[in-house]
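In TrEMBL this protein carries:
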- 97, 100, 137, 140: Zn(2+) binding site (BINDING)
- 112: Fe cation binding site (BINDING)
Ligand SMILES: [Zn+2]
Ligand SMILES: [Zn+2]
């Protein structure tokens, strides 16, 4: 019997990579649907309503397990906590806003890894180039030079 629900699909995905299906794993994996890149704190905030009593540490553990099983990709832009996303396996890169830390996906420059190769790899066989582009996001570009101003509403 096929379960067409999101929950059923999520459970099947967990099983397909050999992970036991648990409520926190389902909640964490589903919290990342369509959201781009979230850190553990944000994931925790999103699931704690559904699963009260879930600790931040257990969210870290679940993210680790999902990442280890290949269901999540983890990126760690300099100065940001580790961010998790469901878009895996396509060698895409990231663009990070230097002002607000918004993170966007950009497709692989060439289309397959490694999309950049050093002129001299020093004997290494290169399999991946993880590129982070830095700049100002569209929202921040629209705002006047306000970077020196602390946020008024605390
Ligand atoms: Zn920004
Ligand atoms: Zn991404």
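Cβ coordinates are placed from backbone N, Cα and C, and glycine is handled just like the others.
A map of TrEMBL features onto the structure.
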residue: 97; record: Zn(2+) binding site; Cβ within 10 Å: 18
residue: 100; record: Zn(2+) binding site; Cβ within 10 Å: 13
residue: 112; record: Fe cation binding site; Cβ within 10 Å: 8
residue: 137; record: Zn(2+) binding site; Cβ within 10 Å: 17
residue: 140; record: Zn(2+) binding site; Cβ within 10 Å: 16
Next on the checklist: Please list, in sequence order, every residue of the chain apart from 97, 100, 137, 140 whose Cβ lies within 8 Å of the Cβ centroid of the Zn(2+) site.
Outcome noted: 98, 99, 101, 102, 136, 138, 139, 141
Checklist entry - How big is the gap, in Å, between the Cα of residue 137 (Zn(2+) binding site) and that of residue 112 (Fe cation binding site), rounded to a whole number? => result 26
Checklist entry - Which of the binding-site residues 97, 100, 140 has its Cα nearest to the Cα of the residue listed as 'Fe cation binding site'? => result 97
Item to check | Secondary structure at residue 97 (Zn(2+) binding site), reduced by DSSP to three states | outcome: strand
